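Here's the structure we're looking at; comments come further down.
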Amino acid sequence: MLLLLIVDRLGDSGVAGEVHTLYRSWYEQLSQGAFPLDDVTWQYPPGAALVFLSPGTLPWLTYFQAFVALTLLADAVVTLALARAGVHGAWMWVCGLPLLLHLPFARYDVLVTAIAVVALLAMRGRPRLGGALAGLGAMIKVWPLLTVLGTPRGRTTRAAWLSAAASAAALFAALTLGFTHTLDFLRQQGARGVQIESLGGTALQLARKAGWAGKVSYQYGAFEFTGPYVSSVARLSLLLTAVALGWLLLWRVRARYWTTATPFDASLAAVLIFTVTSRVISPQYMVWLLGLAAVCLTSRHTTQRPVALLLLPAAALSTLAYPLLYQDVLDGTPLGVLLMVVRNGLLVTAAALSCRRLWTATATRTSVAGRAPVLTSPSGD
């Protein structure tokens, strides 16, 4: 993976370029005490500043070298934490991540995933620590907040949720005091269209084959569709995201039975359904899913083993789509369209299966295996 990152000649050669140019330019702006202003590529919560500034702690290395070194450290933290919790989860991570080739080391998602993994693993015995890490992660990339979704009702939930809120609020306050333009990212995020790799993008690719007049344009830091009905597809994606949120809230209300794996399973299900309903599915999102699936596999009570298996070919297909055959995806060739249909089909299947198995195991009286679930206290720790 490191060799590929150095050579960077497979398919689209811009994999490492994001660190060399984009991350480095943000580092220089953030070093001046200001978040990027009117930068359409800056779409991250303010806590992301900590990640982009962190290579500065290794001044004897170039920015790129320092970023990769810190990403390797985060990878090691994930591997060690999973190995201590359960060997099956560690194997899922060390075998699944290389399927993405060198991409994970040229994006900051491994560092965010490390926070989420440690937060989840800490949730059972140290819910305050787990919640604090979840809040920190949410200020960097939002989705780690979902690690508190499946905590058992009672003291564990109160401790985790309050800690998450407190850590997020404290970090936001500190960043607001230390930087200007803290919330400018919201304008850029809200203006996003339909990325070609998303589920909506796949539908538009198929429509283009049937004669639709839309085209692919580079905007907001990604290749997105423009043309008739794109705004309708974007609104539909937002509606589906709202429906996904509603389902998660309903599950939380209806859930009655918790096992030690329920927080893990709920986090994976939540991130999966928000991923497939998003207007954007970047290939690095697979890093999150692989990390959460690995956490699920550390528990013998997990319901998500079939889901984890589906994510492995989805990761491999994501790599074929980007960077190896990205030009086919951009041009909408039969091969490019097929890749997106199969990859996104796997993700939709994984999301549906994940949600069904989570619901069956926690909101009904029997587990998916037909046996009574192993219970923790339904109203406390």
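Backbone N, Cα and C atoms are what each Cβ position is placed from, and that goes for glycine too.
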Suppose you had to name the range TrEMBL annotates as transmembrane segment; which of 129-149, 276-296 would you pick? 129-149
Below 8 angstroms Cβ to Cβ, which residues of this chain, lying six or more residues outside the transmembrane segment (60-83), approach it? 2, 5, 16, 19-20, 23-24, 27, 54, 89-90, 92-94, 97, 104-106, 108, 110-111, 113-114, 117-118, 121, 291, 294-295, 298
Note: vs the transmembrane segment (90-123), the recorded stretch with the largest number of Cβ pairs under 8 Å from 129-149, 161-179, 229-250, 307-325 is 129-149
The transmembrane segment (229-250): which same-chain residues, six or more beyond its ends, come within Cβ distance under 8 Å? 149, 192-194, 198-200, 203-204, 207, 212, 214, 269-270, 273-274, 277-279, 355
